[in-house]
Amino acid sequence: MISRANRTPIAEWWWTVDRTMLGLTLVLYAAGLVLSLAASPAVAERIGLPSLHFVLRHAFYAPFAAALVIGLSFLTPRQVRRAALVLLLVSLAMMILVLFVGAEVKGSRRWIYLGGLSLQPSEFMKPAFIVITAWLFAEGSDRPDVPGRLLAVLLLVIVAALLVAEPDLGQTMLTLAVWGALFFLAGVSPILVAGLGGISVAGLAAAYTIFPHVSERINRFLDPSSGDTFQVDTAIQSFERGGWSGTGPGEGVMKRILPDSHTDFVFAVVAEEFGILICMLLMLLFAGLVIRGLMQAFRRKSAFERLAIAGLATQIGMQSFINMGVNLNILPAKGMTLPFISYGGSALLSAAVTMGFLLALSRRSYDQHVTVVPRAAAVGHT
Amino acid sequence: MTIQPPAAAWRHARTALGSAARHTNGERQSRARVLLIIAGFTLLYGALAARMTVLGVASADWQDGTGSFVQSAAMSRPDIVDRNGEILATDIKTASLYAEPRRIVDPDEATEKLASVFPDLDRDRLRRQLSTRSAFLYLKREVTPRQQQAIHQLGIPGIGFRVENKRFYPGGATAGHILGAVNVDNQGIAGIERYIDTSFLKDLQAAGFASERGLEPFRLSVDLRVQHAIRTELVDAMAKYHAKAAVGIVMNVRTGEVVGMSSVPDYDSNDRSEVLDKDRMNRATVGVFEMGSTFKGFTTALALDSGAATIHDTFDATSPLAIAGFRIHDFHGKHRWLSVPEVFIYSSNIGTGRMVLKAGTDLQHDYFERFGFLSELRTELPESGAPIVPKLPWSKISSVTMAFGHGISVSPLQTAAAGVSLINGGVYIPPTFLPRSEEEAMKVARRVLKPETSDYLRHLFRLNVLKGSGRNASVAGYRVGGKTGTAEKVVNGRYSNDKRRNAFLAGFPMDAPKYLVLVVIDEPEPEKPGIGATAGLNAAPMVSGIIRRIAPMLGVEPLLVDPEEEPAMALAFAR
């Protein structure tokens, strides 16, 4: 297909990029498009839009996102860092802006409208935040004169404050979790890690006591009889109706009554129509992507690349786990989209940025590539 | 600016020389932690997979368990048989017509064809339903074989039959109230059918053991022949006396088994629309009534048993009993002192009132509780009515009225169960609709009266049929004994003079009682103008009619010559 002797940028990219992860990503985007045909029309009809409203938008965003993944994967680590820095600054500015001009949806200010497009700045903040935090941690351990860890803590505080202000506790938790993973990987002492773990448990307890809707949801999860568990009950019913092999495409009925069936509860819709086996396959795609990404991190010698790759993979892993866990009622109800699959322009593009950065960073770097050319030496190096 | 070059130089030197070892160390630790995170994600995704497996297994159960209509519609029930093995209820296979609209080629054609067999189907609605893309739709449940054949021959694509079990009651309404009914999905909704579901069938089905034939027949204590005799007597009496309703109960006094129980108007269990008719409720267990003078038997029993009175005592019935501003009269006033047997056979309200006043309300409450009048009687039938009893403490006037069966409302079955203890030697046996031996009965029985008290009561009951108000209950040779009860009904809050609810509590043969018969008839009219409509004139002959028919079936031996009566054979020939 593409000769190894070919030295064009495309060929170079093709031989250095992790083609397994790229393939998994594209398969997930394609699956999301197919599954949106199952999940979206019911929602669109319910809220009085043309039945293909969400499908068409998804069909516009998904290829665009796939292209973005490929485009970003051409970047070098240094370019990724710069792009992330720009993206972080822009999205942080917009997150401040959103607090003042954002439209309030379901009690939160998360959206900003730009020329007919609605954007969720916090979605774009996530990958940029991870890359920059990874860089700060890496610099912090490589160069004692740079107060990397301090800056990383500072950045976390700013981002968390902005997210809580929206409020978007799901994203806050996710951000904290990923930051925690980076902190853990940055090679700090186990005592510090344990201390941070204690602080996060305390933070969780604080959220439980401070935010009434958080405590309500957790109470409901622990004691289903205490309140309205309509969403998760309906989701579980979807799994029961679907069984192993599903009721068949278009045969699902739960999606007609399940709120957010095209975003947060798309997994349950898949279960009903396509069956639990397909759900497991979907889960395996995510697991494969995440573990493959983490294996790439494991191989990296550069601390920045290792941390950034691991952080980005962790983010995809955590987000997919939380979403599927909520659908399966093993976690308290929490609004979280399923990366690559759920409808939502910002979510789809944000996942693309995450994956694009991940692929870019995990490409076999130039110096490695050069040493690989003599075949005998390749074994020794990788 | 001056500090910078040394710092840079130092850094450079470190990178070049000493840092290699330190780096590798930190790197190794960091990489190990990456592996830890991989392990963590493996665990998390493993948890998801485990959860999905659990749900998948659960859904497999769910899909062929009782939760789905497919299964519940086809579920089979055990046959119900009477004590002799006669079938009271059984399952038959019927077909239900369904459509798969998405497989129907031409909805218009299908609609017209279906309507040619079922003209009662709403064509417009049917056409609309068949034009949809839905997967399954019942068109008609329980179609006849002829209709099924007709539809089959039309050969409409997308139309099919599902074989279902339908409950069938060969006896129709004969034992309707006892058997109850099932809904269209063959689930018990009333009577013994419901009892079967709640007591074991649902568990069996949940365990998957009730899927097909092979369930043991469910045997009742009821005797179909007795049941039929009771019911026809009640129906005849209803017509004869233009009554509103009638209840008849036959119980085995040795075991507490209900051998027959009927309440008319009743329902045909095959016709579900009748089951819900309020007028067809089971008055024998759900209805609570003031039982009138039949209660005098219980009052006399408690007075004799507690020692408040002896059989030789006499009570002043010369003038009405004045109490708390009320005056209690006698219906058949004798205006003299009456002995205990006289109080009983003349059904003296005054005498019974004085008896209970002598015993006291505490004793009365105690005995009423033992007779089971103060709490709801629970049997296998889910339908039961709670008694209406005055609030404690009982006043003297309510104590006196309760002594002759007013101011306290109990169900007929409750009265019958208590009546059993009056004549069987003094033990209360909870009534049952399931077969029970005497040994089993003794285990659940409790003594409420001394055996001597029960002996007295047997004599009093017998005396009442020989010489008192119960003469019409007599059946030659079968030594019937019993007590009438004529209760005035409450209309608009007052006791009415012309609306009655009559009862007769009887047992036979009174020298060694085997069966108890209780009959209640609501608002009977005089058989012929000019004569009364008291219990002796309608309820007593109904009892006689029932006993005459059932005693031979139940194997009760008649005395050919009853020293107390005229010769049975002569009487039989005379008729």
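Each residue, glycine too, has its Cβ placed from N, Cα and C.
In TrEMBL, the transmembrane segment annotation falls on A:340-361 of the listed ranges A:32-53, A:340-361. No contact links the transmembrane segment (A:177-210) to the transmembrane segment (A:340-361), because fewer than 3 Cβ pairs that are 6 or more residues apart lie under 8 A. Cβ atoms under 8 Å from those of the transmembrane segment (A:307-328) belong to residues 80, 126-127, 130-131, 133-135, 137-138, 170, 174, 177-178, 181-182, 185-186, 232, 235-236, 239, 264-265, 267-268, 271, 279, 283, 286, 289-290, 293-294, 296-297, 300, 334, 336-339, 342, 351, 354-355, 357-358, 361-362 of the same chain, restricted to positions at least 6 beyond its ends. Contacts between the transmembrane segment (A:340-361) and the transmembrane segment (A:146-165): absent, as fewer than 3 C-beta pairs lie under 8 angstroms at sequence separation of six or more. Packing against the transmembrane segment (A:83-103) from elsewhere in the chain are residues 72, 75, 109-113, 118-119, 121-122, 124-125, 127-129, 131-132, 135, 158-159, 162-163, 165-166, 353, 357: each is 6 or more residues past its ends and has a CB under 8 Å from a CB in it. With a cut-off of 8 Å between Cβ atoms, the residues of this chain six or more beyond the transmembrane segment (A:146-165) that come close are 92, 95-96, 99, 122, 125, 129, 132-133, 135-140, 171-172, 175-176, 179, 182-183, 186, 188.
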